[in-house]
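Copied over from Swiss-Prot, here are the features:
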{"type": "DOMAIN", "residues": "31-88", "note": "domain 'Sushi'"}
{"type": "DOMAIN", "residues": "103-345", "note": "domain 'Peptidase S1'"}
{"type": "CARBOHYD", "residues": "148", "note": "N-linked glycosylation site"}
{"type": "CARBOHYD", "residues": "152", "note": "N-linked glycosylation site"}
{"type": "REGION", "residues": "259-264", "note": "region 'Interaction with CD163'"}
{"type": "SIGNAL", "residues": "1-18", "note": "signal peptide"}
């Protein structure tokens with residue numbers, strides 16, 4: 001039996017053993033542990049209880065307790081001989097943001113409040129963002145994936161040109177890239193890792209929402225490795241708190257254009273974002289704090305206080321605002337969830 005993040009607790013002859021799966025310790029003998037005395041009209045039962053390491057949760061049809069039957073099989077009354085699984089916890093950072101702080105002039109993330117934030121280096125060394133959504137998959141933008149590639153490039157062409165880091169500069173290998181089938185209007189792609197990452201306080205996925213957290217005025221946090229006020233890529237992860245903006249005002253600000261990269265007279269940055277039913281805007285007009293080049297692919301993270309869980313309400317697509325264009329543009333996570341789950345299941 002082997003499972004990432006799993007621990008088995010065994011009660012044998014009255015002695016409790018904790019066995020970490022993967023350590024080749026399936027046979028346990030302890031001569032110093034005597035067999036418990038028999039009792040009238042009773043018997044001794046051998047039990048195992050499956051538990052998970054910190055930052056993992058047990059997924060099982062039963063209670064995780066298995067007994068040894070007459071055929072020498074470990075079985076559970078509800079699950080039979082089907083073993084439980086340890087799944088990665090999402091959206092539960094050990095050191096969540098605890099300040100209302102306003103990644104141009106944003107704050108440094110000294111505590112590891114955004115363990116889902118990944119750094120992706122594209123072809124020719126450009127820094128972009130990606131967001132861990134499971135222990136083996138990340139979301140980023142299709143535009144990030146196509147940086148310095150032609151429009152004719154395929155997912156197989158792109159994957160070998162990317163370098164990806166999670167946690168404190170932990171290099172991870174990429175197995176494949178999957179592009180959204182409507183990437184011209186839904187600026188999203190998925191990255192699958194060759195191996196599952198071990199979830200820790202420094203590396204943890206963020207949850208995808210089942211309900212919509214996007215409403216004007218709703219505050220969210222965006223972290224990133226993008227350019228700073230000096231237009232240089234930051235060496236340390238930074239974050240900023242921004243409100244969801246009124247969609248109509250945002251569209252008016254960008255001349256209501258839905259044509260990507262179309263130059264306009266009003267747009268302060270000379271290009272237009274993709275704006276449609278799959279996107280929302282966030283940003284401030286009175287402060288210097290903002291996302292900037294290189295932050296795309298990062299999550300608009302919101303905290304559900306009732307569940308005490310962090311969700312990715314969106315993924316930053318248009319990161320060229322840089323405290324000049326007022327609004328960054330995000331792809332709605334609720335519009336992605338079905339496609340993401342189907343893609344991960346198929347691959």
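Note that Cβ sites are derived from N, Cα and C of the backbone, with glycine treated the same way.
Computed over the domain 'Peptidase S1' (103-345), the whole-number mean pLDDT of the model equals 84. Counting other Cβ atoms within 10 Å of each Cβ, the glycosylation sites 148, 152 show the lowest value at 152. Under the three-state DSSP scheme, residue 148 (N-linked glycosylation site) falls in the coil class.
In terms of DSSP secondary structure, the domain 'Sushi' (31-88) contains 0 helix, 22 strand, 36 coil.
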